Amino acid sequence: MKRVAILGSTGSIGVQALDVVGRFPDRFEVVGLAAGRNAPRLLEQIRRFRPRVVSVCDEAAARAVRAEAPPGTEVLSGDAGAVAVASHPDAAFVLAAISGGAGLRSTAAAIEAGKPVGLANKESMVLAGELLMARAAAKGVPILPVDSEHSAIHQSLVGHNRGEVRRLILTASGGPLRCTPEAELATVTPERALKHPNWSMGDKITIDSATLMNKGLEVIEARWLFGVEQQRIDIVVHPESVVHSMVEYVDGSIVAQLGISDMRGPISYAMGHPERMPLDLPPLDLGRLGKLTFEPPDPARFPAYTLAYRALELGGTAPAVLSGADEAAVAAFLARRCSFTGIAEVCADVLEAHVVEPVRSVEQALAASEHGRREAEKRVGARAHAPAGR
């Protein structure tokens, strides 16, 4: 029986992780849950899984949960609450799935507490990947990726000598706008950009998929998770989302992981590692699928992913600033205050204006991300009030 804590339990990944837990009640026990403000969903999870401790993002939500939670459930709030769940002494595994930079402190706390981490919060690696991997190595803590691409790379590295890796190849679906002409992208609506053809995800990551910023952030994540320089990490667009990523070795051989587009696959791989669990999911029928297609990404239409390579080149706080700027720009797009193409333009402006510093602490990384967010919000506001034709 593995005792688990799930951070971000009411989000897309958290809900699917609890679905996996529910399928294997003899393998997992939930000891802690951390959520945002969705008190009704958290209460449903509490009643079903009976965790010992839960946390929500603020005290108002905590009061609502305390009023209805079963006796014996400790209800905490804020960053301190999420950190307490992540470092709970009874947790033997922590699934880190809080979206955005908000998940960094709790992910770092799990590592410091010596907990194996299933990492679904890529922003933690983007903001402070070098720092977190150094602490994980010092603590002897395994970090198992939950992103489908990084899970695929992890699986494709098993049994191989990492010194023989030539490059990592991250696949991208291309998102809902892959075939949209460049001239139409500026007028794309949030509703259209949110219609992902293959994956069921939260709004922010779905927009990042549409801009290809998500793939750029995954390049940064892969840089630190696998210790491979960005010059040896490539992106290929693969619309079917069947090949989840690949590893090319020095002899030219390519090892890939294939599967259906269902996040419960990589979630169960991380949670059950080193064992695989028999999931009752539809099989991948390659004969019926017929073909797999691949194409290079188009930096002219989707320049956002190139900013991640630029951020790694700049180093230090640059990736954290880019991540914060992207969070603000995506939020502005969803609120109809920024155009679709404006997301990458705002992020590029913020990144190039940033004065880079080395990342020495989690708090410094968070401050850099917040700086990126503020600078992006300023630019969104300035663009909204710019004279027509400017």
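Including glycine, each Cβ sits where the backbone N, Cα and C put it.
The Cβ of ASN38 (NADPH binding site) has THR10 as same-chain neighbours under 8 Å, each 6 or more residues away in sequence. Summarising the annotation, Swiss-Prot assigns NADPH binding site to THR10, GLY11, SER12, ILE13, GLY36, ARG37, ASN38, ASN121, GLU123, GLY202.
Under the DSSP three-state reduction, ASN214 (1-deoxy-D-xylulose 5-phosphate binding site) is assigned to helix. Its own atom aside, the Cβ of ASN214 (1-deoxy-D-xylulose 5-phosphate binding site) has 25 Cβ atoms within 10 angstroms in the protein chains shown. Annotated 1-deoxy-D-xylulose 5-phosphate binding site per Swiss-Prot: LYS122, SER148, GLU149, SER173, HIS196, SER209, ASN214, LYS215, GLU218, in sequence order, evidence recorded as sequence analysis.
Taken from Swiss-Prot, the feature Mn(2+) binding site applies to ASP147, GLU149, GLU218, supported by sequence analysis. Here the Cβ of ASP147 (Mn(2+) binding site) has 28 other Cβ atoms within 10 Å, regardless of which shown protein chain they belong to. According to DSSP, ASP147 (Mn(2+) binding site) is assigned to coil rather than to any helix or strand.
Summarising the annotation, Swiss-Prot assigns region 'Disordered' to 367-390.
Annotation source Swiss-Prot lists compositional bias 'Basic and acidic residues' at 370-380.
Of the recorded residues, GLY36 (NADPH binding site) and LYS122 (1-deoxy-D-xylulose 5-phosphate binding site) place their C-alpha atoms 18 Å from one another.
Applying an 8 A CB threshold to same-chain residues 6+ apart, the list for GLU123 (NADPH binding site) reads SER99, GLY100, GLY101, GLY103, LEU104, LEU217, SER323, SER369. Rounded to a whole number, the distance between the Cα atoms of ASP147 (Mn(2+) binding site) and HIS196 (1-deoxy-D-xylulose 5-phosphate binding site) is 16 Å. For the binding-site residues THR10, SER12, the largest tally of other C-beta atoms within 10 A is found at THR10.
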